[in-house]
Amino acid sequence: MGRAVSVAACALNQWALDFEGNAERILRSISIAKSKGARYRLGPELEICGYGCADHYYESDTLLHSFQVLAKLLESPATQDIICDVGMPLMHRNVRYNCRVIFLNKKILLIRPKISLANAGNYRELRWFTPWNKARHVEEYLLPRIIQEVTGQDTVPFGDAVLATKDTCLGTEICEELWAPNSPHIEMGLDGVEIFTNSSGSHHVLRKAHTRVDLVNSATAKNGGIYILSNQKGCDGDRLYYDGCAMISMNGETVAQGSQFSLDDVEVLVATLDLEDVRSYRAEISSRNLAASKVNPFPRIKVNFALSCSDDLSVPICVPIQWRHHSPEEEICLGPACWLWDYLRRSKQAGFLLPLSGGIDSSATACIVYSMCRQVCLAVKNGNSEVLADARKIVHDETYIPEDPQEFCKRVFTTCYMASENSSQDTRNRAKLLAEQIGSYHINLNIDAAVKAIVGIFSMVTGRTPRFSVYGGSRRENLALQNVQARVRMVPAYLFAQLTLWTRGMPGGLLVLGSANVDESLRGYLTKYDCSSADINPIGGISKTDLKNFIQYCIENFQLTALRSIMAAPPTAELEPLMDGQVSQTDEADMGMTYAELSIYGKLRKIAKAGPYSMFCKLINLWKEICTPREVASKVKHFFRMYSVNRHKMTTLTPSYHAENYSPDDNRFDLRPFLYNTTWSWQFRCIDNQVSHLEKKEGISVAEDTD
């Protein structure tokens with residue numbers, strides 16, 4: 001009858017410029033799709049070269065090697081008798097485009113350039129590509145000789161068209177086009193397109209997955225149709241983790257769901273769906289049919305191929321399922337862990353070293369590494385031969401099988417407690433107990449000799465000896481002595497990362513992990529070039545509030561009882577002298593604000609685009625039950641002073657896993673100056689004027705604010 005179509009969506013762990021590996025994963029996904037009965041296979045955005053090539057897109061080599069891979073795909077027997085939809089950059093009339101190349105049996109059917117480019121947040125597509133602005137227009141694209149020799153075609157259609165097979169009609173969207181207000185699927189659906197495809201390069205952000213799922217389902221809820229979404233997965237070379245979530249939806253309901261976090265390099269979803277369900281769904285939507293009668297038609301590329309078989313009554317049809325979302329704590333547990341695994345295996349290092357202080361942040365980082373070890377053991381148990389091969393390379397043992405997370409952790413994870421005279425026995429014990437429970441190779445060392453040597457050099461040169469404030473020193477002296485301790489810790493961290501495995505008779509070196517959270521980075525509550533200066537930081541995009549919830553999750557799910565005392569202890573840097581052996585310094589007292597307040601400031605500054613005055617205006621309403629306008633003004637001023645004074649620290653911040661949309665990451669997400677006029681005189685005067693107006697209105701008499 002020709003009504004049951006079988007289609008495949010893929011999530012591939014591609015790597016920028018890894019043309020060899022990318023081609024292998026694409027071919028494997030096509031073979032899997034065919035083995036499951038699919039007649040159409042959709043891959044992620046720019047899958048041939050990997051999405052994160054950045055300025056390598058300018059290079060002609062990137063285009064050349066992409067065409068070489070395309071030729072390999074066209075020639076492969078695996079790509080025969082299935083419509084293959086792959087992504088790559090190419091140049092048309094001296095303009096670079098982000099494209100889908102759709103082919104069947106060594107013939108290119110259509111090259112579809114991206115219409116709406118992603119250019120916000122971490123995305124910079126307009127830097128490298130140009131959008132195709134010729135709606136419903138097709139031109140002839142002259143193929144390079146390397147492709148002509150395979151296909152026998154000189155030119156192929158290039159532009160905004162749809163494919164008309166023998167049994168249905170397919171239309172293409174590329175990532176951002178689904179998120180755009182005028183998504184192409186709207187007009188395509190009105191023009192009779194029944195299957196919409198979307199190849200994405202969408203990265204993970206906490207609590208974002210439901211938005212993507214809702215967009216896909218809503219795309220066909222009003223207009224009917226089948227929607228296929230493929231996405232990249234894994235770390236392809238930078239701060240982002242692409243979180244898969246391949247899915248297939250029909251008439252507003254999910255029928256197939258892929259994993260969001262997985263160590264599988266290739267994941268293929270196949271669904272068989274009844275086209276008559278789409279047609280009957282549309283038939284009763286009179287508003288849709290009236291709109292369809294007025295739509296301008298898309299150019300149709302006729303394809304002598306069917307996505308269904310002639311006798312399909314016995315083919316089982318997929319039914320709707322309920323999408324299973326991860327909690328934020330599960331996302332923190334799994335996303336950064338998968339990112340760390342990709343970084344470790346692709347950097348060809350032998351593990352990680354973490355300065356473990358016994359506080360929440362470094363403990364959360366340790367738990368993420370432990371989660372990675374659990375994921376590796378689970379993947380090997382489930383038969384993932386690639387993970388097993390990677391694990392053996394990392395530990396330099398061709399017969400090794402990671403079965404126990406603690407045992408694997410001992411091989412690949414070193415933790416180091418770096419004590420000073422200001423460290424408490426409590427934090428030392430907490431770090432030791434947590435290391436024992438997760439299985440890391442743990443080291444205790446003391447940095448006092450190094451600190452005294454450096455301060456001694458200063459005293460010898462200047463004739464002056466700085467003192468902590470509790471001993472009569474000035475604020476400058478106090479801060480300098482704290483920073484010396486913090487900075488000294490960076491040097492042994494890298495030394496032990498290079499040589500710890502050597503002392504254990506094991507080959508390789510370790511990557512140093514940092515543990516500064518997103519709130520502390522925003523406030524600048526960290527020492528430049530201290531042990532937060534590391535190779536990578538898995539928690540740098542995560543708030544303190546979420547980290548606390550994650551720690552509680554680990555207590556409940558991993559039975560890490562050592563975390564209970566860590567959760568109960570107030571966060572402290574332990575850089576000032578102890579009082580009667582007890583900690584006298586706390587982070588929130590040092591910062592002059594709470595972590596909860598910092599999260600609010602961060603979201604207003606970045607997500608709500610609020611400067612000092614706008615933030616004040618929003619907070620006087622948000623906090624009207626707990627703060628007077630003058631108190632709100634004081635808090636806002638203090639935040640912006642500290643933010644601007646410390647912004648320079650972001651320029652050298654350790655590359656961090658991107659998890660929050662209010663991240664202050666200076667690399668490309670949050671582009672700001674790092675030399676500010678920290679008085680904010682005009683802005684703060686506007687706040688003061690508004691405070692005076694509000695107090696006058698309320699009949700409050702307050703002395704002039706000199707803050």
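Cβ atoms here come from the backbone N, Cα and C positions, even for glycine.
What you see is a predicted model, and the numbers here were worked out from it, not measured in a lab.
Sequence annotations record features per position, and here Swiss-Prot assigns domain 'CN hydrolase' to 5-275.
In this view, GLU45 (active site, proton acceptor) is surrounded by 27 other Cβ atoms within 10 Å of its Cβ, with every protein chain counted. What Swiss-Prot records for GLU45 is active site, proton acceptor.
When secondary structure is read from DSSP and collapsed to three states, LYS114 (active site, for glutaminase activity) falls in the coil class. The Cβ of LYS114 (active site, for glutaminase activity) lies under 8 Å from the Cβ of TYR97, ASN98, CYS99, GLU125, PHE129, PRO131, TRP132, ILE174, CYS175, GLU176, GLU177, each of these being in the same chain and 6 or more residues away along the sequence. Look at Swiss-Prot and you will find LYS114 tagged as active site, for glutaminase activity, backed by similarity to another entry.
Summarising the annotation, Swiss-Prot assigns active site, nucleophile to CYS175 and lists similarity to another entry as the type of evidence. Taken residue by residue with DSSP, CYS175 (active site, nucleophile) is part of neither helix nor strand, so it is coil.
According to Swiss-Prot, the feature region 'Ligase' maps to 325-706, an assignment based on similarity to another entry.
Per Swiss-Prot, the feature ATP binding site maps to PRO355, LEU356, SER357, GLY358, GLY359, ILE360, ASP361, SER362; the stated evidence is similarity to another entry. Look at PRO355 (ATP binding site): DSSP puts it in a strand. Around the Cβ of PRO355 (ATP binding site), the number of neighbouring Cβ atoms within 10 Å comes to 25.
The active site annotation in Swiss-Prot covers SER357. Residues near SER357 (ATP binding site) in space but far in sequence (CB under 8 A, at least 6 apart, same chain), listed by position: TYR417, MET418, THR427, ALA431, SER515, GLU574.
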Q) In the same chain, outside PRO355, LEU356, SER357, GLY358, GLY359, ILE360, ASP361, SER362, whose C-beta lies within 8 angstroms of the Cβ mean position for the ATP site? A) SER363, THR365, ALA366, THR427, ALA431, SER515
Q) Expressed to the nearest Å, what is the distance separating GLY358 (ATP binding site) and GLU45 (active site, proton acceptor) at their Cα atoms? A) 42
Q: List the Cα distance (Å, whole number) between SER362 (ATP binding site) and GLU45 (active site, proton acceptor).
A: 35
Q | Which listed residue (LEU356, ILE360) has most other Cβ within 10 Å, given these are binding-site residues | A | LEU356
Q: Work out how many Å separate ASP361 (ATP binding site) and GLU45 (active site, proton acceptor) at their Cα atoms, rounded off.
A: 35
Q: For the region 'Ligase' (325-706), provide the mean pLDDT of the predicted model.
A: 92
